[in-house]
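S.K.: Annotations for this protein, taken from Swiss-Prot, read as follows:
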type: BINDING; residues: Arg21, Glu80, Arg120, Lys437; note: (6S)-5-formyl-5,6,7,8-tetrahydrofolate binding site
type: BINDING; residues: Asn228, Ser247, Ile249, Thr252; note: K(+) binding site
type: BINDING; residues: 228-233, 247-253, 272-275; note: GTP binding site
type: BINDING; residues: Ser232, Thr253; note: Mg(2+) binding site
type: DOMAIN; residues: 218-361; note: domain 'TrmE-type G'
Amino acid sequence: MTDTIFAPASGFGRAAVAVIRISGPGAASCLTALTGHPPPLPRRLSLRQLRDPGTGEVLDRALVVWLPGPATFTGEDSAELHLHGGAAVRAAVLRVLGRLPGLAPAEPGAFTRRAFLNGRMDLTAVEGLADLIDAETEAQRRQAMRQLDGALGRLVEAWRDTLLGVLAGAEAALDFSDEGDVDESALSASGLAAAARVRDAILAALAEGRRGERLREGFVVVLAGPPNAGKSTLLNALARREAAIVSPIPGTTRDAIEVRCDLDGLPVLLVDTAGLRDEGADPIEAEGMARSRRRIEEADLVLWLVPPEGGAAAPKGALVVHTKRDLGRDPGGGVDGALAISALTGEGLAMLLDRVAAAAGAALGRGDAVVTRERQRRALEECAAHLGRAIAGAETMPAELVAEDLRLAVRALGAVAGRVGVEEMLDRLFSSFCIGK
């Protein structure tokens, strides 16, 4: 990483201020070239005229910040240019930066990649930063901040340090098995007890289920039922906008319509599906119903809407919702947990939202999960499996195999933090960041 990179760190629309980030060994010379002066005092905003070094033309009067490494986001010498936010100003400065020797435009995620490679962040913190950028609800923000602050990273580092000590003892016992000063029985008692504690802690973290992963993805609520049960009307009422076409003609909804919403700080994905009936459907509607059944199977919660004239039996586990209460008929809401609502008047919607929020909260938690990605889960499961084999085989397996399981357990924890075996994944992860991050 000998080159110096630059990129806008703010949005591209018209704004009061536009920020450009610079990172790398040429950051100081870049400031000197633009301002005609040495870098200002570190970590202070300083007003400077920015000029094109080739022509002397004034580009902008801007606030500049000089951030000498390694105590920076990337771990390198860095600088920021706080420009007036017009598109022409930003474009002119970027054009001049691109002509300076040794400078190159940053790829998406390039600044964060440098922070990771320079040891400023581990991989769990990088993933937390990505989740924070994508967070749409309070619970997602809270979970992302915990990861960014090192909730999982600190645990993994502590577990890894413990296992490295156990492994060192096991390897010493192997290397010096003929020496009398190596207490193999003490290693077996204390070392394997420590390994068991780490394994139990990992299993406890995994016992949370997939709450962290599901919180990132959202709680999927599928609106299902017979045609003309009021699914699209309910979707529009919950979304507070006309997301779906509403028509008295059966079969209007042919494909699933998805709407993301924030429900009590939790991410919820509402899915309006094609109405289900046994006969009279054309081929297109039949395909829509097949897709509806697949979405029902994949849902976290199914709201089974029943119109006043009734309909088919609800799938197992579905929340039955009697619709069109405004027509004045008594659907018997409240029996066996069923609800009665009117999407037109709003009657019963608050109670329905409370039920959905309770189900989402039970499934997702409130951002306190430690494991938030499938990659993390798989590595921790692998570590626990190796530790389980080492502990179970301590008395029966050859010592070399026990030590090998300990080595593989340490390696699996290293993968969680990004120390080993993550090269291919890094490109995918960093490409999901915006330019300038």
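The backbone N, Cα and C atoms fix where each Cβ goes, and this holds for glycine too.
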S.K.: Write down the Cα-Cα distance for Ser232 (Mg(2+) binding site) and Arg120 ((6S)-5-formyl-5,6,7,8-tetrahydrofolate binding site), rounded and given in Å.
M.R.: 49
S.K.: Quick one: of the binding-site residues Asn228, Lys231, Ser232, Ala274, which has its CA closest to the CA of Glu80 ((6S)-5-formyl-5,6,7,8-tetrahydrofolate binding site)?
M.R.: Ser232
S.K.: Including all protein chains shown, what's the count of other C-beta atoms within 10 A of the C-beta of Arg21 ((6S)-5-formyl-5,6,7,8-tetrahydrofolate binding site)?
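M.R.: Result for Arg21 ((6S)-5-formyl-5,6,7,8-tetrahydrofolate binding site): 25 neighbouring Cβ atoms inside 10 Å.
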S.K.: If one measures from the C-alpha of Asn228 (K(+) binding site) to the C-alpha of Lys437 ((6S)-5-formyl-5,6,7,8-tetrahydrofolate binding site), what distance in angstrom results, rounded to a whole number?
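M.R.: Roughly 48 Å, rounded to the nearest whole number.
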S.K.: Of all the binding-site residues given, Arg120, Lys231, Lys437, which residue's CB has the most CB neighbours within 10 A?
M.R.: Lys231
S.K.: Taking only the binding-site residues Lys231, Ser232, Ala274, which one has a CA atom nearest to the CA atom of Arg21 ((6S)-5-formyl-5,6,7,8-tetrahydrofolate binding site)?
M.R.: Ser232
S.K.: How long is the line from the C-alpha of Lys437 ((6S)-5-formyl-5,6,7,8-tetrahydrofolate binding site) to the C-alpha of Lys231 (GTP binding site), rounded to the nearest angstrom?
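M.R.: Given the Cα positions, Lys437 ((6S)-5-formyl-5,6,7,8-tetrahydrofolate binding site) is 41 Å from Lys231 (GTP binding site).
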S.K.: Measure between the Cα atoms of every pair in Arg21, Glu80, Arg120, Lys437, the residues the record assigns to (6S)-5-formyl-5,6,7,8-tetrahydrofolate, and report the largest value in Å, rounded to a whole number.
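M.R.: If we measure all Cα pairs in Arg21, Glu80, Arg120, Lys437, the largest is 19 Å.
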S.K.: Measuring Cα to Cα, how many Å separate Ser232 (Mg(2+) binding site) from Ala274 (GTP binding site)?
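M.R.: The Cα atom of Ser232 (Mg(2+) binding site) is 9 Å away from the Cα atom of Ala274 (GTP binding site).
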S.K.: For Arg21 ((6S)-5-formyl-5,6,7,8-tetrahydrofolate binding site), which DSSP three-state class applies?
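M.R.: It is in a strand.
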